Amino acid sequence: MNPNQKIITIGSVSLGLVVLNILLHIVSITITVLVLPGNGNNGSCNETVIREYNETVRIEKITQWHNTNVIEYIERPESDHFMNNTEPLCDAKGFAPFSKDNGIRIGSRGHVFVIREPFVSCSPTECRTFFITQGSLLNDKHSNGTVKDRSPYRTLMSVEIGQSPNVYQARFEAVAWSATRCHDGKKWMTIGVTGPDAKAVAVVHYGGIPTDVIQSWAGDILRTQESSCTCIQGECYWVMTDGPANRQAQYRAFKAKQGKIIGQTEISFNGGHIEECSCYPNEGKVECVCRDNWTGTNRPVLVISPDLSYRVGYLCAGLPSDTPRGEDSQFTGSCTSPMGNQGYGVKGFGFRQGIDVWMGRTISRTSRSGFEILRVRNGWVQNSKEQIKRQVVVDNLNWSGYSGSFTLPVELTKRNCLVPCFWVEMIRGKPEEKTIWTSSSSIVMCGVDHEIADWSWHDGAILPFDIDKM
């Protein structure tokens, strides 16, 4: 075969293969378009399916066309009913770890906000960690001076529980240097306090939209809980303080529905001091354990009914739970009066368990270090010193800080009671450490039917950071 014949033969074979390939494609398209729709199985075309991922429902609209899936993520629909939250608290034998964000450790090399006052609150479908940023990042020059409580740069933001407060996953909630937030079953409600000390304003947000305001009525640093507010059958409750931190101030309880204030009441508490209440629902009422920043080392207790009537006093237990405080052996306790004669204080919490009480406190009597939770027999109603359970969460070699309460709703747990949970803030930096900044991370614990061993889930960041050495 001469060269020309070889070229013709190769060309003919190649042309034949091309024609065969085209014919196969035509047959494939014909079968796909004409034959497959006739088999009566159209279920996969333009189909909306619901899939579950880690307790979060994600709705996907899947459109199939020539073996190609086009997936469109659809916003989660709002619930059409309010949460009840009239169930009793579950009885807890111990508290198991729920989450830990490790924000400061991650922030040494990651884009993590400088924060304080973290807290947790839950909707029917998720729990989120909320925190008040300083408008700056860890290990950055703008973190200098963030020991200051109030500034125009502070904002309330949130992440899914367990995530660090990082810039990539955080969601803006409100401009605020004091805040509270809770979910009524349909939407989130937020109260964010901001502005000058003498004329601060609390802005109520519902579903992300400003819906109402509260003006400072005493002109002395209007402030709120720094933890979850409480919603019962669609009505949400929270407590605010206006006035001095070291003597008699003014206190009010508020009630809102779908972001509009529908009631408020002045809390008469002469000789007592209420700040930074940690509240939770229990048997149709709101129970709060607060901070006395004036004299008491026992904690104020406020129980609010749906009609805004209330009972106010002090945690009866014969053990103090504020910091600083004196020796347990020298403390007698009182259900009605401040005891201990120690100024200052720290945000804390307690849970009623029948007539017992779980009460959290720092291990140190003089500084915000270590953290333990004690169950005191009859401590809700009597000056009892009888500890029937004790659990260490942060050892006394490590810093702690604020602590507060929240509950897991029955929509999340499928139980017939509300699971009691708490968080512990672990403050790092100024004023205790040689840094230019102050920030915190947190550990979150929830009640379980088992005793849990003592351990220390402390912050663990190695300080100082690079910015502190410049």
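In case you wondered, yes, glycine gets a Cβ from its N, Cα and C as well.
On a predicted model such as this, the values are computed, not experimentally measured, just so you know.
Lifted from Swiss-Prot, the feature list:
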type	residues	note
TOPO_DOM	36-470	topological domain 'Virion surface'
DISULFID	CYS90-CYS417	disulfide bond
BINDING	ARG116, ARG150, GLU275, GLU276, ARG291, ARG368	substrate binding site
DISULFID	CYS122-CYS127	disulfide bond
ACT_SITE	ASP149	active site, proton donor/acceptor
DISULFID	CYS182-CYS229	disulfide bond
DISULFID	CYS231-CYS236	disulfide bond
DISULFID	CYS277-CYS290	disulfide bond
DISULFID	CYS279-CYS288	disulfide bond
BINDING	ASP292, GLY296, ASP322	Ca(2+) binding site
DISULFID	CYS316-CYS335	disulfide bond
DISULFID	CYS421-CYS446	disulfide bond
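Close to CYS288 (disulfide bond) in the fold, though at least 6 residues off in sequence, lie VAL239, CYS277, SER278, CYS279, TYR280, VAL301, LEU302, VAL303, ILE304, each with a CB less than 8 Å from its CB.
CYS290 (disulfide bond) has GLU276 as its nearest neighbour among the recorded positions ASP149, ARG150, GLU276, GLY296, going by CA to CA distance. Take the mean position of the Cβ atoms of ASP292, GLY296, ASP322, the recorded Ca(2+) site; other residues of that chain with a Cβ within 8 Å of it are HIS273, ARG291, ASN293, TRP294, THR295, THR297, ASN298, ARG299, PRO300, TYR314, PRO320, PRO338, GLY340, GLN342, GLY345. Within 10 Å of the C-beta of ASP292 (Ca(2+) binding site) there are 24 other C-beta atoms, taking all protein chains into account. Between CYS446 (disulfide bond) and ARG116 (substrate binding site), the C-alpha separation comes to 21 Å. Between the C-alpha atoms of CYS236 (disulfide bond) and ARG291 (substrate binding site), the distance comes to 21 Å.
When the recorded positions CYS90, CYS122, CYS182, GLU275, GLU276, CYS316 are screened for a C-alpha within 10 angstroms of the C-alpha of ASP292 (Ca(2+) binding site), the residues that qualify, in sequence order, are GLU275, GLU276.
Taking only the Cα positions, the spacing between GLU276 (substrate binding site) and GLY296 (Ca(2+) binding site) is 14 angstrom.
The Cβ of ARG368 (substrate binding site) lies under 8 Å from the Cβ of THR323, VAL346, THR362, TRP399, SER400, GLY401, ILE427, each on the same chain and at least six residues away in sequence. Taking the C-alpha positions, the distance from CYS229 (disulfide bond) to CYS316 (disulfide bond) comes to 23 Å.
Neighbour density around each Cβ, counted as other Cβ atoms within 10 Å, peaks among the disulfide-bonded residues CYS229, CYS417, CYS446 at CYS229.
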